[in-house]
Amino acid sequence: MRPPGFRNFLLLASSLLFAGLSAVPQSFSPPSLRSWSGAACRLSRAESERRCRAPGQPPGGALCHGRGRCDCGVCICHVTEPGTYFGPLCECHEWVCETYDGSTCAGHGKCDCGKCKCDEGWSGDACQYPANCDLTKKKSNQMCKNSQDVICSNAGTCHCGRCKCDNSDGNGLVYGKFCECDDRECIDDETEEICGGHGKCYCGNCYCEAGWHGDKCEFQCDITPWESKRGCTSPDGKICSNRGTCVCGECSCHDVDPTGDWGDIHGDTCECDERDCRAVYDRYSDDFCSGHGQCNCGRCDCKVGWYGKKCEHPRSCPLSAEESMKKCQGSSDLPCSGRGKCECGKCTCYPPGDHRVYGKTCECDDRRCEDLDGVVCGGHGTCSCGRCVCERGWFGKLCQHPRKCNMTEEQSKSLCESADGILCSGKGSCHCGKCICSAEEWYISGEFCDCDDRDCDKHDGLICTGNGICSCGNCECWDGWNGNACEIWLGTEYP
């Protein structure tokens, strides 16, 4: 039970509250600038927009940096791209900070509204430069070399193993870990705009908006993108048969013959590939279908007396096509070890007249005993069926390592350290200042065991088609051969 005075207290408090509220003018509303709170905005439209516009922007300029809506002078940020916008005027984005080697602020700082705040001991737009460098100049330069062994792509300078790109005008158009990207290549000479204002530039190449084409997106199509795509669709439903580029409804095939005529890839939608008719890809020869047939849009129509996918098998041969191929294949995965032409169970090795390729199934290739300079077995051995037999005191795949070493272990190891300071990239052992890459991983190669031969192009399942040496991801072709995978024969005779 409540005390007697409690009821009197409630009556008095209620009377005072009613009297106080009655004295407030009827037009009064709580002062607030935010309409989303439920109250009316007391700012004019012009004043509200002024507060939502970046300093220095003229009337009519983008509100909230185009990344939000203006609500009574306050920016309400919203997401139009991946990431999160924030800041009083939606000026900040969590992904706009500089990156280096795939890491925001190089992993040595924090992103603060578009700018990296570097940790102590680091500097640069992406916090990529250490204040103190403990690398030798040799190691530093090695870390700055691109895939062509050019320091900073000749477009910058090397600072402690990191490239500083030349951007004297401050536009930042030269960038990349090795300064390999130069977006100045995308600037249209006439309009001086990036990709003519009709595309985006990535690493020096323009990617045009729908309806525009050209190296710098300078030409406009007179048909719709849908009509363009329909005109370029091949019978199998692929755009230009995945062998060309669609430009305004017409396919530009990736292969162009040096004579100016259509090349090995042709057709309205690049559906024809004459390379399928060749026993060996030789763009300068008319010897299609092994010389025994006519190539019709990538399919061989054989002459009387011959058959096979490439008209390589004579009907007069007592062997079937399968038996012939089996005899030519031997222990290899490919007929004639991928180095010759099979006819009625017999291999003709190519290149013609090259005594270095021989054997019943062309299994011996003495070119494999040569280094990039053409020296056989390093000058310290003889070649036998593609393998080096080293002289006494030498060993290695190319007899390149002496068994005796006249340097200390410390001196030897100092020459075997890769750019990251790891001995032979952790994939080999060091002997007399040179790395011996692990035999268990056949594909590891390079001066510091830092290359992967699986990166080299293949043709017919063979690295460099068996017609060259894989050198750190690129095929170095032997004489007479060309192409990314050394698959093109350029010799005077056709095998």
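Quick reminder: no glycine exception, Cβ is built from N, Cα and C everywhere.
Those TrEMBL annotations? Automatic predictions, nothing curated.
The signal peptide annotation in TrEMBL covers 1-23.
Across the domain 'EGF-like' (96-128), the model assigns an average pLDDT of 84. The domain 'EGF-like' feature in TrEMBL is assigned to 96-128 (among others).
Here TrEMBL flags 143-180 (among others) as domain 'EGF-like'.
The domain 'EGF-like' annotation in TrEMBL covers 185-218 (among others). Helix, strand and coil counts from DSSP across the domain 'EGF-like' (185-218) read 5 helix, 12 strand, 17 coil.
The feature domain 'EGF-like' is assigned by TrEMBL to 276-312 (among others).
Counting same-chain residues at least six beyond the ends of the domain 'EGF-like' (368-400), those with a Cβ under 8 angstroms from any Cβ of the stretch are 359, 434, 436, 469, 471, 476. Per TrEMBL, the feature domain 'EGF-like' maps to 368-400 (among others).
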* Outside the domain 'EGF-like' (185-218), six or more residues from its ends: residues with CB under 8 Å to it -> 176, 224-225, 228, 247-248
* **DSSP-derived helix, strand and coil totals, residue by residue, for the domain 'EGF-like' (143-180)** => 4 helix, 12 strand, 22 coil
* **DSSP residue counts for the domain 'EGF-like' (96-128), split into helix, strand and coil** => 3 helix, 14 strand, 16 coil
